[in-house]
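> Submitted below is the structure of interest, expressed as structure tokens.
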Amino acid sequence: GGGNDTSNETDTGTSGGETAAVDAEAVVQQKCISCHGGDLTGASAPAIDKAGANYSEEEILDIILNGQGGMPGGIAKGAEAEAVAAWLAEKK
């Protein structure tokens with residue numbers, strides 16, 4: 001027998017048709033802070049640290065998907081956009 005165990009199993013974190021939970025905060029760190037600021041209190045784009053006080057989750061999702069003002073749409077899509085909208089809607 002050989003001494004090398006070269007198994008073909010790779011753990012990708014997802015299996016089958018399951019949707020892995022999206023880390024909304026990580027998406028925000030990757031896609032939002034460059035314009036909205038590290039603490040989301042605004043930079044070249046407005047503050048979104050209290051987005052939930054001004055917008056519903058549905059409104060936030062619409063802005064993420066379609067853009068508003070100087071923000072282009074589609075910076076986050078699908079499950080990422082939905083997770084970020086839900087996360088921001090809790091910020092009040």
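Quick reminder: no glycine exception, Cβ is built from N, Cα and C everywhere.
Taken from Swiss-Prot, the feature heme c binding site covers C32, C35, H36. Taken from Swiss-Prot, the feature compositional bias 'Polar residues' covers 1-13. Here Swiss-Prot flags 1-20 as region 'Disordered'.
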> Would you find the one among the binding-site residues C32, C35 whose Cβ has the most company, meaning other Cβ atoms within 10 Å?
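Buried the deepest by this measure is C32.
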> Once the chains shown are all counted, how many other Cβ atoms turn up within 10 Å of the Cβ of H36 (heme c binding site)?
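Taking all protein chains shown, H36 (heme c binding site) has 22 Cβ neighbours within 10 Å.
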> I want the residues beyond C32, C35, H36 whose C-beta is within 8 angstroms of the mean position of the heme c site's C-beta atoms, in chain order.
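Nearby residues not in the site list: V28, K31, I33, S34, G37, L40, A43, A45, I48.
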